[in-house]
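*Asks:* Dumping what Swiss-Prot says about this protein:
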type	residues	note
CROSSLNK	K97	SUMO2 cross-link
CROSSLNK	K259	SUMO2 cross-link
CROSSLNK	K315	SUMO2 cross-link
CROSSLNK	K357	SUMO2 cross-link
CROSSLNK	K534	SUMO2 cross-link
CROSSLNK	K537	SUMO2 cross-link
DOMAIN	8-79	domain 'KRAB'
REGION	171-260	region 'Required for interaction with RB1'
REGION	417-714	region 'Interaction with AR'
ZN_FING	261-283	zinc finger
ZN_FING	289-311	zinc finger
ZN_FING	345-367	zinc finger
ZN_FING	373-395	zinc finger
ZN_FING	401-423	zinc finger
ZN_FING	429-451	zinc finger
ZN_FING	457-479	zinc finger
ZN_FING	485-505	zinc finger
ZN_FING	511-533	zinc finger
ZN_FING	595-617	zinc finger
ZN_FING	651-673	zinc finger
ZN_FING	679-701	zinc finger
Amino acid sequence: MNTLQGPVSFKDVAVDFTQEEWQQLDPDEKITYRDVMLENYSHLVSVGYDTTKPNVIIKLEQGEEPWIMGGEFPCQHSPEAWRVDDLIERIQENEDKHSRQAACINSKTLTEEKENTFSQIYMETSLVPSSIIAHNCVSCGKNLESISQLISSDGSYARTKPDECNECGKTYHGEKMCEFNQNGDTYSHNEENILQKISILEKPFEYNECMEALDNEAVFIAHKRAYIGEKPYEWNDSGPDFIQMSNFNAYQRSQMEMKPFECSECGKSFCKKSKFIIHQRAHTGEKPYECNVCGKSFSQKGTLTVHRRSHLEEKPYKCNECGKTFCQKLHLTQHLRTHSGEKPYECSECGKTFCQKTHLTLHQRNHSGERPYPCNECGKSFSRKSALSDHQRTHTGEKLYKCNECGKSYYRKSTLITHQRTHTGEKPYQCSECGKFFSRVSYLTIHYRSHLEEKPYECNECGKTFNLNSAFIRHRKVHTEEKSHECSECGKFSQLYLTDHHTAHLEEKPYECNECGKTFLVNSAFDGHQPLPKGEKSYECNVCGKLFNELSYYTEHYRSHSEEKPYGCSECGKTFSHNSSLFRHQRVHTGEKPYECYECGKFFSQKSYLTIHHRIHSGEKPYECSKCGKVFSRMSNLTVHYRSHSGEKPYECNECGKVFSQKSYLTVHYRTHSGEKPYECNECGKKFHHRSAFNSHQRIHRRGNMNVLDVENL
C-alpha cells in the first residue's frame with residue numbers, strides 16, 4: 001500500500017461544481033455538500049493544515065452558492081479527486097464499517113477495513129498510480145510530486161491546441177484519442193448512455209497547460225470516467241492499459257440496482273444510508289440538531305447551520321431598491337425578484353409563474369390535492385408545514401407573535417405583519433390604473449376588479465354575476481335556503497332559531513342580567529341589553545378625541561375620518577371603509593336575510609336590526625334620557641330626543657339656511673324648494689309635500705263617506 005506523496009492539500013478533498021451543476025442538485029444534496037465540505041476543512045485545520053481559507057469555504061460560511069466560474073479550475077476534475085469522492089462519502093457515512101474497493105497499483109485490488117477518522121482514511125488510500133506522481137510543471141519548472149500540486153502551481157492556465165472527445169465535445173491535449181476498451185473492443189454508445197444515467201452527477205471539465213506534464217492518454221481516460229461516478233476499476237501503470245475494464249459488466253449491473261435502503265413507511269428507496277436516515281426523520285419527527293441560542297430543533301445539520309445565521313446581527317447583503325438587508329446572498333437574490341418582477345418558475349398546469357421554486361412546488365399541490373401534513377389533534381391536513389404549525393396553535397392556544405405597539409398577539413407572523421400596518425399606516429400595494437395604495441394585496445385585488453368590471457362568479461339559477469366569491473356564496477343561499485325545521489308545538493318553521501323558539505313554549509328565560517336581574521329568552525337579546533364593558537379606554541382618536549377600549553373599534557372609527565374606502569360594491573359602485581360594511585350592504589342586492597325573529601318569524605339582513613326588533617316583543621328600552629328620564633329602545637332615538645333639551649339643530653338647508661334637529665325634517669322641508677309632492681290622494685288626485693298633510697286630507701274623504709252612509713241609512 002502506497003501512501004500520499006507529499007502533504008495533504010484542501011484541493012485533495014474538495015469537490016467543486018459549476019453553476020449549471022449546482023442548480024441540478026436538490027436541496028438535501030446541497031445541504032449535505034455544505035456539511036461535508038465544512039467538516040473536511042475542519043479536519044484539515046485540526047491536523048495542522050495552515051493556509052489561506054479557500055474561497056469555497058468562505059462562500060459556504062456566508063451562505064452564498066459555492067459554484068465556480070467558468071475560468072476557475074475545478075478541484076474534482078483530476079483522477080485523484082474522483083477517488084476522493086469515495087473518501088468524502090465515507091466521512092459522511094462513518095457509521096458504515098466497510099470501505100469501498102480501493103485503488104491499487106500494478107493491477108492488484110485491495111479491500112480492507114478503514115477507520116472513521118479523516119486522517120486514517122486519507123493516509124490509507126492511494127489516490128493515483130506511482131508512475132505518474134513525479135512531474136515537472138512546464139510553465140514554472142517546479143518538481144512536484146502530487147497532481148494537486150501540479151495543477152495548482154501555475155496561475156496562468158494557458159491552453160494549447162486541443163483534441164476533441166467525440167462523445168461529449170470536451171477538448172484535451174495530446175494526439176491519441178483513447179476509448180474505453182479491453183482487447184480492442186469498443187463499448188457502444190448505448191452503454192455510454194447507461195453510464196451517464198447511473199452517474200450521480202455529470203462533471204465535465206477541461207485541463208490546463210500544466211497537464212501536458214502528465215500522460216495525455218491517462219488524462220483523457222480520466223475524463224471519460226467522469227461520466228461513470230464510482231471507481232470500481234483497477235489502476236494500472238503499464239502504459240495504454242491504464243484502466244482495466246474486466247469488472248465493468250458486473251459493476252454496471254450493481255450500480256443500476258444500487259438503492260438498498262428502502263423506507264418502510266412510504267416505499268421510497270435510497271442509494272445512500274445517510275439520505276435514508278435523513279428521510280426517516282420526516283416520518284418519526286426526530287430533530288437531533290438543536291440551536292443553542294433559541295432551542296429550536298432541526299432534522300438536518302445543514303438546516304441548523306443556516307438557521308444560526310438568523311441570530312447574527314450582521315446582514316451584509318443590502319437591497320439597493322428598498323434598503324432591506326439579508327444575512328445570505330441567496331435571500332437577497334430572491335428578494336430582488338420582487339422589484340424586477342422576474343418569475344422564472346412556471347406551473348405546467350395553469351401557466352402561473354413564481355419567483356421562487358419552492359413557491360411553485362407549494363402551488364402545484366393545489367392541482368394535485370396533495371396535503372402531506374396532517375394534524376394529530378383533529379386529522380385536518382395541510383399542503384404546507386407552516387400552515388400546520390399555525391393550525392396547531394389553535395389547539396394549544398399559543399400566540400407567538402406579539403405586537404409591540406398594542407400588545408395584541410397572533411398565531412401567525414403574517415397576520416402580525418398585516419396588523420402592524422394599522423399602526424404605521426404603510427400601504428405597499430399600489431393600483432397600476434389609478435395609483436391608489438392599499439395595505440393588503442387582497443384589497444388591491446378587489447379594487448382592481450372595479451377597473452376591469454370583471455365578474456367571474458355567475459349564478460346558475462338566475463344568471464346574476466358577482467366579482468367576489470363571498471358575495472356569490474351568500475347569493476346562492478337565496479335559492480337554496482329552505483325552512484326545514486318545524487316546531488313540534490305549534491308547527492312553525494325556523495331554520496336558525498328552532499332551539500330558542502322551543503324555549504318560548506317552555507317560558508324558560510335562561511339569560512339573566514347580573515346588573516338588574518332581567519331575564520331573556522335568547523342570547524342575542526341579552527347581548528343587546530348588557531351595558532358596555534367598563535374599564536380603561538386606552539385608544540384615543542387624535543382627530544376627534546373619542547376613546548375606545550378595543551383597538552378594532554378604534555381602527556374602524558379612524559377610517560370614518562380618512563377618505564380611504566377600499567371596499568367597493570360591484571352592483572352599485574358604492575364604497576365602504578370596512579369590509580363588514582360592504583358585506584352587510586350587499587345583502588340589499590342579494591335579498592339575503594339570515595337573521596330570523598323566533599317570536600314572529602320575521603327575517604332581517606343584519607343582526608343589529610334583529611336585536612332592535614326583539615325589543616318590540618320584550619318591551620326593553622335600555623336607553624334613558626339623563627335630563628327627563630324618558631327611555632327609548634334605540635340609541636338613535638335617544639340622540640334625536642336629547643336635541644330637544646340641548647337645542648342642537650345640526651341639519652341646515654342649503655337654499656334658505658333654515659336648521660333642523662332631525663335629518664328627516666330637513667328632507668321634508670327641502671321639498672318646498674324642489675316642488676316635489678310624493679303623496680297623492682287616490683280620491684281627488686291632490687298631492688302633498690308632507691305625509692302628515694296627506695293623512696289629514698284623507699280624513700276629509702273618510703268623513704264625507706261617513707256622512708253619505710248616514711244619509712242613505714235614513
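All residue numbers here begin at 1 and follow the chain in the order shown.
Every residue, even glycine, has its Cβ placed from backbone N, Cα and C.
Small disclaimer: the values here were computed from a predicted structure and weren't measured.
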*Asks:* Across all the protein chains here, work out how many other Cβ atoms are within 10 Å of the Cβ of K357 (SUMO2 cross-link).
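*Replies:* Looking across every protein chain shown, the total is 13.
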*Asks:* What is the interatomic distance between the Cα atoms of K315 (SUMO2 cross-link) and K357 (SUMO2 cross-link), given in whole Å?
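*Replies:* Cα-Cα distance, K315 (SUMO2 cross-link) to K357 (SUMO2 cross-link): 24 Å.
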*Asks:* Would you count the other CB atoms within 10 A of the CB of K259 (SUMO2 cross-link), including those on all shown protein chains?
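*Replies:* I count 12 other Cβ atoms within 10 Å of it.
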*Asks:* Give me the Cα-Cα distance between K357 (SUMO2 cross-link) and K259 (SUMO2 cross-link), rounded to a whole Å.
*Replies:* 27
*Asks:* Short question: which residues 6 or more past the ends of the zinc finger (679-701) have a Cβ under 8 Å from it?
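*Replies:* Distant Cβ neighbours of the zinc finger (679-701) are 668, 671-672.
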*Asks:* Can you say which of 289-311, 401-423, 429-451, 595-617, 651-673 has the most Cβ pairs under 8 Å with the zinc finger (261-283)?
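*Replies:* It is 289-311 that shares the most Cβ pairs under 8 Å with the zinc finger (261-283).
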*Asks:* Please give the sequence-distant neighbours of the zinc finger (289-311): residues at least 6 beyond its ends with Cβ less than 8 Å from one of its Cβ atoms.
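*Replies:* Same-chain residues near the zinc finger (289-311) but 6 or more away: 28, 30-32, 34-35, 38, 63, 278, 281-282, 327-328.
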*Asks:* Looking only at the zinc finger (457-479), what is the model's average confidence as pLDDT?
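*Replies:* For the zinc finger (457-479), the model's average pLDDT rounds to 75.
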*Asks:* Can you tell me how many other Cβ atoms are located within 10 Å of the Cβ belonging to K315 (SUMO2 cross-link)?
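*Replies:* Step by step: centre on the Cβ of K315 (SUMO2 cross-link), count other Cβ atoms within 10 Å, giving 15.
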*Asks:* Where does K315 (SUMO2 cross-link) sit in the DSSP three-state scheme?
*Replies:* coil
*Asks:* Based on DSSP, name the secondary structure state of K259 (SUMO2 cross-link): helix, strand or coil.
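*Replies:* Once the DSSP labels are grouped into three classes, K259 (SUMO2 cross-link) ends up as coil.
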